[in-house]
Amino acid sequence: MDFDNLIAGFGIALTFQNLGYSLLGVFVGNLIGVLPGIGPLAAISILLPVTFGLEPTGALIMLAGIYYGAQYGGATTSILLNIPGVASHAVTCLDGHPMAKQGRPGVAIFTSMYSSFIGACIGIVIMMFFSPFMVKAALSFGPADYFAMMALGLIAASTLAQGSALKSIAMVIVGLLIGAVGTDVQTGQQRFTLGIPELSDGINLVAVATGLFGIADVLANVNRSQGSILTKGKNLALRAMFPTRAEFRFMTKPILRGTGIGAILGILPGTGGTIASFMSYAFEKKISRTPSRFGKGAIEGIAAPEASNNAAAQTAFIPTLTLGVPGDAVMALMLGALIIFGIQPGPRFPAEHPDIFWSLIASFWIGNLLLVLMNIPLIGLWARILLVPYRIMYPAILFFICIGVYSINNSLFDVGLAMAFGLLGYGMNILGFEPAPLLLGYVLGPLMEEHLRRAMLLSRGDPSVFIERPISATLLALCVALIGWSVWSALKPKPPELAVA
Amino acid sequence: MRRLAFDPRDVIGGLLLLALGVATVIGGEEYAIGTARRMGPGYFPVLLGYICAALGLAVIAKGFIRRLWDEGEMQLPSVRAILGITGSVAAFILAGQHLGLVPAILALVVIGGFVDRGNTPRSIILLAIGVAAGGVALFSYALGIVFRLFPWSY
């Protein structure tokens with residue numbers, strides 16, 4: 001832990017320019033996050049190109065702002081409309097929406113923001129103290145260990161998230177294959193480019209992400225979600241937002257418990273905010289003296305999961321920045337963005353770029369504070385935006401995607417590529433395949449291949465290196481255990497009423 | 001809807017995965033495989049191709065075991081959405097290539113806008129003008145993205 005660096009980081013983050021980027025990021029992220037059906041992934045992929053003109057620090061600050069801006073915004077939509085923008089807010093709907101229906105939408109939104117803020121703050125502190133240890137540990141990582149770590153991340157992300165584990169693992173493989181398109185770094189061989197020169201640099205990250213999450217979303221929602229569902233927002237005035245003092249006291253412990261669960265799951269590869277929020281909700285319900293209140297507007301049913309998923313959102317940066325191994329698809333996008341800026345995250349990153357690393361941490365704090373300050377007066381505005389029908393919104397979204405993808409390389413070819421990935425994502429949606437594991441596999445593919453080749457070269461072609469090194473052996477054992485567990489839980493006999501169906 | 005003995009989502013998806021895996025293995029043979037010690041550019045993709053094909057078979061098998069089916073039923077894809085949205089993006093690309101950004105935006109929003117049955121011609125035209133004006137102001141002037149605006153500008 002390095003206070004000088006942190007202070008220097010605040011110095012950079014608080015410059016007029018970076019403060020502006022942070023403000024812009026959280027504002028736009030919040031705005032996009034509020035729109036139903038658009039989560040942080042779509043928000044970051046659509047706005048990623050906009051940040052490419054900035055210098056890396058400013059761009060990262062803005063991207064991080066978009067990320068948690070979208071997180072906060074998603075909670076608002078869950079509470080007001082009962083539509084979770086992202087899976088990690090699905091739990092917030094359970095008690096947030098009933099509370100809104102009882103005429104207290106303001107209190108529900110305030111509770112979610114307050115718990116998110118506390119969760120995020122604690123998450124940042126953990127990140128500050130824990131990162132140096134991770135850096136030290138990471139220096140003893142060999143290529144085999146990195147490979148095993150990424151394998152664990154990919155397997156955990158596909159077996160623990162929603163949907164069929166088998167199909168998600170298949171999507172990871174497809175993602176790894178898509179990542180292999182382009183020029184092989186070690187031999188210069190063009191692979192799977194079909195002779196198209198635009199593909200020799202590989203398939204553009206932004207085209208993949210905006211296609212899978214932006215265009216696919218438009219394809220799935222157009223003509224389906226009619227009009228707006230929001231009943232005119234009442235009780236969103238500032239005065240009606242504050243919980244009672246008893247409620248404040250009542251939610252402190254759930255917030256802290258949620259934060260703890262979230263912080264741990266955020267650090268682990270492959271587990272992110274979604275699992276954290278579900279787990280902390282289940283935990284609160286289990287230890288509650290009155291579990292019957294859950295689902296009917298229990299305030300701790302909002303506080304614990306929201307604190308949990310924001311703590312996880314912060315601690316997820318630890319493995320991403322110090323190991324270069326992203327835990328989920330959002331972090332994979334962040335990692336991809338860093339690499340585009342010419343920064344290779346890993347154990348040397350905090351030491352080589354202390355200015356970026358610490359100003360990013362400082363900006364997390366500033367951004368979260370800005371969000372709380374901004375969100376309270378803006379709730380009324382967000383509620384009005386939710387009244388704009390989707391049929392007006394999607395052509396503009398489509399345009400943002402097209403121009404955004406174009407602007408990265410000034411290439412209309414990439415726009416076509418994004419459209420192709422949009423169709424792929426729509427097809428996957430219909431066939432019940434999850435897009436997030438694909439994106440994660442795509443980003444990790446080249447790294448995994450490199451580490452695999454290096455590990456095998458060092459071991460002179462002997463694969464037993466993966467089980468001889470303790471770190472790699474442990475991680476791979478966890479992979480096997482996860483696969484075994486998901487096979488077992490899929491095949492075990494279900495209760496008769498479900499099996500008959 | 002007629003009840004099937006299999007889940008069409010799994011069978012179609014599995015067949016596609018199988019096809020992708022086989023295609024990768026065949027395509028990857030062009031590249032040097034190398035040895036486990038010195039892997040050539042073909043090694044990793046071909047390995048993945050085999051795994052992909054195997055997973056495809058597993059997904060097909062899953063589709064024949066009723067107990068393992070995903071929740072819900074397959075929604076048929078909306079042909080209107082696919083044709084309309086693809087057409088609008090294709091029009092954006094073509095118009096962007098030959099005419100410039102403003103015609104491209106108008107084409108994108110007008111064609112894309114008609115996909116939703118709730119939109120009227122009037123609302124679509126107003127929306128197209130609005131998106132074009134806002135888009136040019138934001139991207140061309142504020143962010144300085146290089147994209148000629150009209151056929152006659154350069």
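All positions are counted from 1 along the displayed chain.
The backbone N, Cα and C atoms fix where each Cβ goes, and this holds for glycine too.
All TrEMBL annotations are machine predictions without curation.
According to TrEMBL, the protein has these features:
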TRANSMEM  A:6-29  transmembrane segment
DOMAIN    A:19-440  domain 'DUF112'
TRANSMEM  A:41-68  transmembrane segment
TRANSMEM  A:74-94  transmembrane segment
TRANSMEM  A:106-131  transmembrane segment
TRANSMEM  A:137-157  transmembrane segment
TRANSMEM  A:164-182  transmembrane segment
TRANSMEM  A:323-344  transmembrane segment
TRANSMEM  A:356-380  transmembrane segment
TRANSMEM  A:392-409  transmembrane segment
TRANSMEM  A:415-445  transmembrane segment
TRANSMEM  A:466-488  transmembrane segment
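Averaged across the domain 'DUF112' (A:19-440), pLDDT for the predicted model comes to 83. Between the transmembrane segment (A:137-157) and the transmembrane segment (A:106-131) there are fewer than 3 Cβ pairs closer than 8 Å, counting only pairs 6 or more residues apart in sequence, which means the two stretches are not in contact. Among the recorded stretches A:41-68, A:106-131, A:356-380, A:392-409, A:415-445, the one sharing the largest number of Cβ pairs closer than 8 Å with the transmembrane segment (A:323-344) is A:41-68. Sequence-distant contacts of the transmembrane segment (A:106-131) (same chain, six or more residues past either end, CB-CB distance under 8 Å): 1, 6, 68, 71-72, 75-76, 79-80, 92, 95-96, 99-100, 235-237, 240-243, 247, 251, 254-256, 258-259, 262-263, 266-267, 297, 299, 302-304, 306-315, 317-318, 321-322, 350, 361, 364-365, 368-369, 371-372, 375-376, 379.
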